[in-house]
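A quick write-up on the structure given underneath.
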Amino acid sequence: KVGLISGICMIVGTIIGSGIFVSPKSVLANVEAVGPCLTIWAACGILATLGALCFAELGTMITKSGGEYPYLMEAFGPIPAFLFSWTSLLVTKPSSFAIICLSFAEYASAPFYPGCDPPQAVIKCLAAAAIVVITIVNSLSVKLGSYLQNFLTAAKMIIVTIIIVSGIVLLAKGKTENFKDSFKDSKISVSSISLAFYNGLWAYDGWNQLNYITEELKNPYRNLPLSIIIGIPLVTVCYVLINISYFTVMTSTELLQSQAVAVTFGDRVLYPASWIVPLFVVFSTLGSANGTCFTAGRLVYVAGREGHMLKVLSYISVKHLTPAPAIIFYGAIAIIYIIPGDIDTLINYFSFAVWIFYGLTVLALIVMRFTRKELRRPIRIPIIIPVIVTLVSILLVLAPIISAPELAYLYCILFILSGLIVYVLFVHLKFNWPQKISKPITMHLQMLLEVVPEEEVTQ
């Protein structure tokens, strides 16, 4: 039921969320000059586009929902696919959902606490409420979730347009002094560039989200690549122009000292209508959270269908035709992350973990060019593109470990590898006591949510 316009809105709406209002400060802090900062934002967009083109070939070659999961399964077998689902289900996807909703809560609560930071209890309760509402909406209807995404995407494009047009007007009036000697005093090193990329790529995260709902796209061979080719370059242009707008109003020092870059911009340019900025940032983060929930719930569903998670997670609502148990499970894990959650820490380790599997998935594309030649490829990209993306992924994963080693990176790797133990016990050896224990829960869920296995829906 998801067409081309909804597909573009899904990509744009999921990518443009909290990142462009949080990351500019972090990117600038790592490179310390306007020129390298704008270059990093453009380079992140190029990398996201190249990665998405790789995923377009994979998505039209293997038209299954679940994003990276079915591609890793086809190329490398069940173990890497399971490790991806294990890490995604319990770390990357719910932590991403939690980060976005925490960002929403900070902007939503800020106007009620002028002159001071909102209490953490208020922020976390608001974030949890947002997760609950978005989870319910996406459990009730595919169309409702898609329509909500379209509305919120339109709303966030309004604030993006306001910021960009304001910047262009100021530039036309000659406000260019902050761009003079834009590479002067920059801090360029492998470490600083890689950390700047981490923060920039967080703002672009979501470039692969459409691959999670391939089965729900109308004419995926046409609409998947078109949505990517239109959506991601559009986001890249917007991000670069938004950063240029920020720098027309603030010097590098002022931007680094700002508590909320977009709000500072609004206070200086839009006053007395500066309240528009936090309002539309709230819409923007809600749209990103909705898009993330809409797509990530399908990963839980596919893992349950493959027998890598509890069977009940692969059930579908008879009335609404949505993977309701999977979406509810995903929302519950995200709420757990909110309790001790810190945005900056979550972003760093989310990026580290997610680029391990992005690189592995693009490597799968290269491998299948030689091992699965018989597969039909409606889109066939030049082999140099996946090679570049794979090499950049390796660099992004290794750079922070080499340049600024921390135990947290080791813990992240150990958690990923701990999935091997779970796989051996419950998938390979087929210990089925978790399924038996969950049987009463499954029966109650079936009655409460009116959910059944997929084949029964078909019947």
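Cβ atoms are placed via backbone N, Cα and C, with glycine included.
Automatic prediction, not curation, is the source of TrEMBL annotations.
Residues annotated as transmembrane segment in TrEMBL: 7-28 (among others).
The transmembrane segment annotation in TrEMBL covers 40-59 (among others).
Residues annotated as transmembrane segment in TrEMBL: 121-142 (among others).
Feature annotation from TrEMBL assigns transmembrane segment to 154-172 (among others).
TrEMBL lists 226-249 (among others) with the feature transmembrane segment.
If you look up TrEMBL, you'll see 275-301 (among others) marked as transmembrane segment.
The feature transmembrane segment is assigned by TrEMBL to 321-340 (among others).
As annotated by TrEMBL, transmembrane segment applies to 346-367 (among others).
Among the features that TrEMBL reports, transmembrane segment is placed at 379-402 (among others). Sequence-distant neighbours of the transmembrane segment (379-402) (same chain, 6+ residues past either end, Cβ-Cβ under 8 Å): 47, 50-51, 53-54, 56-57, 60-61, 190-191, 193-195, 197-198, 201, 221, 225, 351-352, 355-356, 358-359, 362-363, 365-366, 369, 409.
According to TrEMBL, the feature transmembrane segment maps to 408-429 (among others).
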Positions on the same chain near the transmembrane segment (226-249), where near means CB under 8 A and six or more residues out: 4, 7-8, 10-12, 15-16, 20, 24, 34, 37-38, 41-42, 44-46, 48-49, 52-53, 55-56, 160, 163-164, 166-168, 170-171, 175-176, 178-179, 203-204, 207, 210, 255, 261, 264-265, 268-269
The transmembrane segment (321-340) and the transmembrane segment (121-142) contact flag, 3+ Cβ pairs under 8 angstroms: yes
Any contact, the transmembrane segment (40-59) to the transmembrane segment (346-367), with at least 3 Cβ pairs under 8 A: yes
Contacting positions for the transmembrane segment (121-142) when only residues 6+ beyond its ends and CB under 8 Å are counted: 1-2, 97-98, 101-102, 104-106, 108-109, 148, 216, 286, 289-290, 293-294, 297, 317, 320-322, 324, 327-328, 330-331, 334-335, 338-339, 341, 449
Interface-richest range of 154-172, 275-301, 346-367, 408-429 toward the transmembrane segment (7-28), CB pairs under 8 Å: 275-301
